[in-house]
Amino acid sequence: MRLFNWRRQAVLNAMPLVKPDQVRTPWHEFWRRFRRQHMAMTAALFVILLIVVAIFARWIAPYDAENYFDYDNLNNGPSLQHWFGVDSLGRDIFSRVLVGAQISLAAGVFAVFIGAAIGTLLGLLAGYYEGWWDRLIMRICDVLFAFPGILLAIAVVAVLGSGIANVIIAVAIFSIPAFARLVRGNTLVLKQQTFIESARSIGASDMTILLRHILPGTVSSIVVFFTMRIGTSIISAASLSFLGLGAQPPTPEWGAMLNEARADMVIAPHVAVFPALAIFLTVLAFNLLGDGLRDALDPKIKG
């Protein structure tokens with residue numbers, strides 16, 4: 001016994017001491033990969049700044065975005081008083097772009113959230129149960145995919161009526177099949193894994209398997225696609241507002257601002273440039289952030 005204890009102590013002494021801060025969790029691995037991607041980090045900072053601006057836009061904006069009118073400077077370009085210039089009604093474009101960030105970002109995020117929630121549920125059911133569940137859900141997705149996204153959104157808004165709330169519903173509807181197919185594919189792969197068979201063998205219910213084992217395995221893919229889909233949704237919402245089907249004047253939504261700027265683009269191009277630039281930078285940032293998240297969450301990528 002004494003010899004055994006001596007040998008055990010010798011083995012323990014030979015083992016390197018691992019400090020708590022040296023233990024690498026999945027979060028540490030993700031952060032290590034993500035922070036090496038400079039474009040993704042820049043995009044993440046931009047998105048964080050955009051979210052802060054959107055939350056506090058009403059307080060940050062130097063002028064009232066809807067009820068301030070400077071009739072002495074109609075269509076004037078950028079100046080110290082009005083950083084982005086003034087539109088044809090005398091409204092401060094900088095203030096309207098800031099408040100527009102709140103509306104456009106909320107429309108994009110809520111639309112994708114609704115589409116992701118419904119699409120994830122349908123994808124889990126189709127991939128796990130297969131059979132008629134799978135055939136029914138996938139045929140519905142095929143029908144929705146047969147229409148161009150913006151055309152489907154226009155049709156939905158035409159039925160429901162104009163307004164930002166209906167735009168969110170319309171954009172969410174054509175986001176559903178994309179998430180459903182993504183989650184279905186992941187579910188079909190995960191349900192064949194041995195840990196799923198083990199869960200079944202101990203009597204785990206289908207609900208437990210779906211929520212505790214399969215859904216967590218699809219989260220990384222959902223997060224990446226969710227992030228990139230926000231940019232698409234912002235463009236779609238802005239397009240509908242540009243066509244007069246979304247936010248209505250004087251609401252300072254970016255697409256609606258572009259619609260109002262059409263008549264003055266030749267004599268006052270700044271009226272359209274700044275809302276368009278806001279859309280471009282926001283969509284680019286979300287796409288770059290999504291690319292960075294995908295690379296950081298991909299277990300095959302080594303630092």
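The backbone N, Cα and C atoms fix where each Cβ goes, glycine too.
Record features (Swiss-Prot):
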- 40-60: transmembrane segment (TRANSMEM)
- 101-290: domain 'ABC transmembrane type-1' (DOMAIN)
- 105-125: transmembrane segment (TRANSMEM)
- 144-164: transmembrane segment (TRANSMEM)
- 165-185: transmembrane segment (TRANSMEM)
- 222-242: transmembrane segment (TRANSMEM)
- 266-286: transmembrane segment (TRANSMEM)
Criterion met for the transmembrane segment (266-286) and the transmembrane segment (165-185) (at least three Cβ pairs under 8 Å): no
Residue numbers, six or more beyond the limits of the transmembrane segment (222-242), whose CB comes under 8 Å of its CB atoms: 104-105, 107-109, 111-113, 115-116, 120, 149-150, 153-154, 157, 164, 167-168, 170-171, 174-175, 178-179, 182-183, 253-256, 258-259, 279, 282-287, 289-291, 293-294, 297
For the transmembrane segment (105-125), distant same-chain residues with Cβ under 8 A (at least six beyond the ends): 50-51, 54, 133, 137, 141, 164, 167-169, 171-187, 210, 214-215, 218, 222, 225-226, 229-231, 233-234, 236-237, 246, 253, 282
Distant-in-sequence neighbours of the transmembrane segment (144-164), which means Cβ under 8 A and at least six residues beyond its ends: 103, 107, 170-171, 173-174, 176-177, 232, 236-237, 239-241, 243-248, 251, 253
Intrachain neighbours beyond the transmembrane segment (40-60), with Cβ under 8 angstroms and 6 or more residues off its ends: 34, 98-99, 101-102, 105-106, 281-282, 284-289, 291-293, 295-296
